[in-house]
Structure formats: C-alpha cells, structure tokens
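Novice: Below is the structure I would like to discuss, written out as structure tokens.
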Amino acid sequence: MSYKIDRKTYAQTYGPTTGDRVRLADTELFIEVEKDLTTYGDEVKFGGGKVIRDGMGQSQVRRADGAVDTVITNALIVDWWGIIKADVGIKDGMIFEIGKAGNPDIQDNVDIVIGASTEVIAGEGHILTAGSIDTHIHFICPQQIETALSSGITTMLGGGTGPATGTNATTCTPGSFHISRMLQSAEAFPMNLGFFGKGNSTNEINLIDQVEAGACGLKLHEDWGTTPSTINSCLNVADKFDVQVCIHTDTLNEAGFVEDTINAIAGRTIHTFHTEGAGGGHAPDIIKICGEKNVLPSSTNPTRPYTRNTLEEHLDMLMVCHHLDSKIPEDIAFAESRIRRETIAAEDILHDLGAFSIIASDSQAMGRVGEVITRTFQTAHKMKVQRGPLSQDSDRNDNYRVKRYISKVTINPAIAHGIDKHVGSIEKGKIADLVLWKPSFFAVKPELVVKGGSIVWSQMGDANASIPTPGPVHGRPMFASFGQSLIKSSFTFLSKNSIEQNIPNKLGLQKKCIAVENTRNINKSNLKLNTKLPNISVDPQTYEVFSDGELLTCEPLDEVPMAQRYFLL
C-alpha cells in the first residue's frame with residue numbers, strides 16, 4: 001500500500017517534482033518543474049536507512065554488465081531542451097542516461113542501473129546544468145582558469161600567450177610557435193581548452209600555417225587591422241579547413257563601414273564578438289549586424305546588464321586594454337566613441353528577444369572571467385523586472401526565459417564553435433561536464449563541478465575538521481584537478497587538419513584532442529532559442545537603436561541581484 005506525503009515534505013526529501021516552483025538565487029526568476037522522470041515510491045536516495053543499499057536500490061549488476069560509474073540522484077535539470085527532474089547516470093566520463101536510476105531486479109522502468117561499482121552524488125534539492133562555455137578568452141594569466149572553473153565554466157576558447165601587449169588587447173595566439181606552447185600548457189589545467197590563431201593577414205598561407213599547427217579557430221581583431229581584404233582571406237581559409245572565424249570589427253571605420261564589413265563577409269558564417277560595440281566594432285552601428293542570418297552574435301559581460309555603473313567604469317578599462325594614452329586626445333576620442341548608453345540599453349532587450357545569442361567574458365580585457373553565468377542571469381532578471389514575462393511564459397514561471405538565457409552560455413557557443421557533439425548540454429553521449437547548484441546560489445557559486453565524469457571542484461570546509469562542512473567553506477580543487485586524472489577528465493579542441501597531421505603526438509600531448517567540426521554550414525537558425533533576425537537601425541546623431549521601427553531602450557538598474565549579498569569583497 002502506498003504512503004502519501006505532502007508536497008513540502010516530498011520536496012524536502014527528494015527535491016521538487018512536477019508543478020513545483022523554484023526561485024533562482026535572489027532574482028525575480030522562477031522555474032517550474034515540467035516533468036519528473038523518477039517514479040513516485042521508487043525514488044533512489046543514498047544514506048543511512050535510505051534506498052541505495054545492496055539488494056534494495058543497489059543491484060548485483062557488475063560494471064561490465066551495465067552498472068554506471070556515478071549516478072546523480074533526483075536532480076532538477078535546467079537546459080535548453082527542458083526543466084525536468086531526473087537521475088543522471090555517468091559512465092566512462094560520459095553521460096550514460098537521463099531517467100530513472102535503481103535496481104531493475106526489484107524496481108520498474110529503470111534506465112540507470114546502480115551496482116556495487118556506482119558512486120552517488122546527491123542531487124536532491126539541487127539544480128544541474130551543463131558546464132558553461134566561454135568563447136571570448138584572452139589567455140593573459142593561467143589563474144583565470146581556476147576562477148572560471150569555480151564559477152561553473154568547463155570549456156574556454158580564445159587566444160593569447162600570457163600578459164603580452166598583443167594578448168592584453170586581442171584574443172589571438174599568433175603563429176605555430178605560440179600555438180604549440182599554449183597547447184602544451186593546456187595539459188596542466190582541468191579545463192577544456194582551445195586556441196584561436198591570428199586571422200589578420202591577406203596572405204592565406206599565414207592563416208593556413210596556424211590552423212595546421214592546431215588552432216581551433218581564427219580571430220580577426222581591429223588592433224591588427226580588420227579590413228575587408230583580411231576578412232575575406234580569413235573566411236576563405238576557414239571555409240577550407242572547417243574552423244570558426246571570430247571578428248572584432250573596425251571601430252574607427254577606417255577601412256569601411258559596417259555595410260562594407262557585411263559585404264566582405266559575403267553571407268559566410270562568422271561569430272561577431274561584443275556585437276553591441278562597447279568592446280569594439282564599427283561606431284556607432286555595429287549592433288545592426290545581429291540581423292544578418294549568417295552572423296552568430298555574442299556579447300561580452302562588462303555591459304551585462306546595463307546598470308548605473310556600466311558607463312563610468314568602461315573608459316578606464318578600454319584605455320588600458322587597448323594600449324591607449326590618456327594624454328593623446330585622439331586616443332580618448334577613440335575610447336569614448338565605443339561607449340554609448342543607447343546601444344548598451346538596446347543590448348539588454350536584444351538578448352531578451354533572442355536576437356543576441358551568446359554571452360562570453362572578454363577575460364581581463366574589459367570582461368570578468370568568473371562572472372559570465374552570473375551576469376547572464378542578472379540580465380534575465382533585469383528584463384523580467386522591466387519587461388515582464390515573455391509571451392512564452394506565464395505568471396507562474398519564467399521557464400522559457402531561463403532556457404533562453406542558459407542557452408547563451410552552454411549550447412549556443414558550443415554550436416558556434418563546432419563542439420556541440422561533445423559539450424554544451426546535458427544529453428546522452430556527451431562528455432559529463434556538469435555543474436550542481438543550490439538554488440539559492442544558482443549562477444553565483446556552484447556547489448560541485450563534475451569534469452569528464454569526475455569531481456573537479458567543490459565547495460569544501462576545513463580539511464582538518466571532523467566532517468566536510470565546518471568553515472571556512474569555499475570552492476577548492478578536487479582530485480580530478482590533479483595528476484593523470486586531470487589528463488583523462490579534460491580535453492583540447494583543435495582543427496581537424498592538425499589532428500590528421502599528428503600535431504598532438506608531435507607536441508607530446510596527453511590530453512585527448514578533439515576536432516572541431518561543422519562550423520561553416522551553420523547560421524543563426526541553428527542556435528537554440530536565440531534566433532530572431534531584427535531589422536536594426538541606429539540614429540547616427542543620437543545613437544538610438546530601432547528594431548523593426550520600434551525604439552529599444554531601458555533604464556539602468558541601481559541594484560542587481562547575485563551581487564553583494566553573496567560576496568564579502
């Protein structure tokens with residue numbers, strides 16, 4: 001005979017179920033469980049007197065016969081494809097199944113077999129997301145990687161060689177020597193990494209050399225000269241070798257205007273960085289490029305969201321990043337031309353409409369590497385407060401909005417860079433890069449990060465305490481961050497050509513190297529929940545932004561959630 005319990009008791013024991021709602025951190029965003037794949041009365045839970053014991057929730061099935069390595073029980077999955085309650089099985093570092101875990105000898109509808117070889121991570125009362133992907137990294141210092149990991153980032157793509165002047169300004173790892181050294185350096189870090197070569201050359205052989213050396217993409221940056229001719233040659237090489245091109249366009253309009261850049265791109269797929277323009281790009285109207293179908297538009301997080309401090313902090317940041325001199329009036333004019341309250345305000349709304357598709361950091365080059373996920377959901381909160389529920393949502397929940405925004409830092413950057421077969425979502429067969437959050441700390445501080453099926457980072461108390469919880473509790477690297485476990489749990493993304501040329505073996509790389517693929521035959525319609533193609537115009541005098549004739553504007557926030565309430569410093 002079944003035993004009935006009320007919803008509150010059930011949620012406290014097994015986590016929320018279908019119809020229950022959860023608040024995300026201290027925002028005004030609420031999600032509602034759409035479906036529960038576990039079975040009422042047959043839920044599995046670990047602990048003294050609980051279900052996962054031999055002959056009960058734990059079966060006699062050996063690992064070789066199908067038992068998983070790890071099960072995350074009763075987690076609330078938040079992904080682009082849904083917000084559901086489920087158990088997640090992990091085997092050989094991959095997502096084995098999403099469904100119902102347990103012992104098939106005594107339980108029905110078991111998708112994930114628990115055996116003596118199975119470890120348990122309790123997901124009850126927690127949110128589970130895919131590890132996030134930051135595609136705008138200036139590799140200025142290696143400490144960025146730990147900071148990113150501690151925020152829930154598990155893949156970083158970008159360029160650089162360390163704190164060189166070029167890297168401080170541009171996300172390029174120029175030439176085969178530097179690409180080789182950065183690929184070798186990647187062996188030391190519990191992070192999926194990939195490096196962009198410098199895309200600014202009208203001689204295609206210079207670009208081919210970098211792709212053959214292992215670059216997973218090419219970056220065009222105005223500080224190296226993003227002219228129509230370099231755009232064309234870079235895209236020609238990308239089309240031949242199936243790598244993505246990222247572009248930071250010509251702020252000063254020296255070699256042409258935004259229309260000339262669009263003509264040079266000529267309908268070919270391209271990832272536009274900081275498409276609003278404060279981070280760089282044709283002033284004042286680069287933002288209109290987000291209406292092109294072949295353009296995959298992203299933002300960087302210094303303008304996310306628009307607040308009362310956004311404009312004030314940008315000028316000094318920009319002067320430092322781009323090696324400008326405050327004593328030179330032309331340098332100041334260059335910087336000021338990029339900082340426009342009107343386009344930054346419009347950027348908020350374009351994200352909410354799904355016209356901007358990706359958010360990344362611009363790490364230490366105006367952006368903050370540990371705040372990508374936080375600022376993404378601060379933007380979602382701001383838009384909920386200022387614009388109300390989306391038409392796809394209701395007064396009960398913000399599910400569609402949350403799925404739209406989680407897509408911007410997970411599946412969409414993965415699709416844009418040809419790695420979505422491996423990372424970017426919680427789906428069967430993908431690498432088990434997973435992040436577990438307490439709802440009250442969602443998008444702020446992960447409770448635990450799983451990398452390639454092993455725990456790589458976790459909130460942890462005093463190592464000399466009698467239990468794991470006494471303070472000071474803070475994020476710390478775990479065993480998968482060290483030794484050969486690190487090598488097996490993290491991956492490096494390279495061009496297919498470089499792998500065929502045996503570059504990983506020539507460089508002595510031990511991490512598994514994965515080829516990027518299908519970067520050229522995609523467009524904005526391939527991205528998830530962020531496919532709108534507005535007709536954008538910008539008033540050249542006032543900088544006001546119009547979408548299909550409608551003015552896009554909003555007020556800055558005086559106070560954001562997920563901020564001082566969570567951080568001492």
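Placed from the backbone N, Cα and C atoms, the Cβ positions cover glycine too.
What Swiss-Prot records for this protein is below:
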| type | residues | note |
| --- | --- | --- |
| DOMAIN | 131-569 | domain 'Urease' |
| BINDING | H136, H138, K219, D362 | Ni(2+) 1 binding site |
| BINDING | K219, H248, H274 | Ni(2+) 2 binding site |
| MOD_RES | K219 | N6-carboxylysine |
| BINDING | H221 | substrate binding site |
| ACT_SITE | H322 | active site, proton donor |
Novice: Sort out for me which one of H136, H248 has the most neighbouring CB atoms within 10 A, since those are the binding-site residues we care about.
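Specialist: When each Cβ's neighbours within 10 Å are tallied, H136 tops the list.
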Novice: Sequence gap of 6 or more, C-beta under 8 Å: which same-chain residues meet both conditions with respect to K219 (Ni(2+) 1 binding site)?
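Specialist: Sequence-distant Cβ neighbours: G159, T170, T171, C172, F196, G197, K198, G199, V245, C246, I247, H248.
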Novice: Check the Cα-Cα distances from H274 (Ni(2+) 2 binding site) to the binding-site residues H136, H138, H221 and tell me which is shortest.
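Specialist: Closest by Cα: H136.
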Novice: Return only the integer: C-alpha distance in Å from H136 (Ni(2+) 1 binding site) to H221 (substrate binding site).
Specialist: 12
Novice: Compute the mean position of the Cβ atoms of H136, H138, K219, D362, which form the recorded Ni(2+) 1 site, and then list in sequence order the other residues of that chain whose Cβ is within 8 Å of it.
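Specialist: Surrounding the site, in chain order, are I137, G158, G159, T170, T171, C246, H248, F273, T300, A360, S361, S363, A365, G367.
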Novice: Round to a whole number and give the Cα-to-Cα distance in Å for the pair the residue listed as 'substrate binding site' and the residue listed as 'active site, proton donor'.
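Specialist: The residue listed as 'active site, proton donor' has its Cα 11 Å from the Cα of the residue listed as 'substrate binding site'.
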Novice: Below 8 Å Cβ to Cβ and six or more residues apart, same chain only. Which residues does that give for H138 (Ni(2+) 1 binding site)?
Specialist: G158, G159, G160, T167, N168, A169, T170, T171, D362, S363, Q364, A365
Novice: Starting from the Ni(2+) 2 site formed by K219, H248, H274, give every other residue of that chain whose CB sits within 8 Å of the mean position of their CB atoms, in sequence order.
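Specialist: Near the Ni(2+) 2 site, beyond K219, H248, H274, sit H136, T170, T171, L220, H221, E222, C246, I247, T249, T272, F273, G279, G280, G281.
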Novice: Which has the fewest other CB atoms in a 10 Å radius around its CB: H221, H274, H322, the listed recorded positions?
Specialist: H322
Novice: If you average the pLDDT over the domain 'Urease' (131-569), what number do you get?
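Specialist: Averaging the confidence scores along the domain 'Urease' (131-569) gives 96.
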Novice: Return the count of C-beta atoms lying within 10 angstroms of the C-beta of D362 (Ni(2+) 1 binding site), excluding that atom itself.
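Specialist: Other Cβ atoms found within 10 Å: 29.
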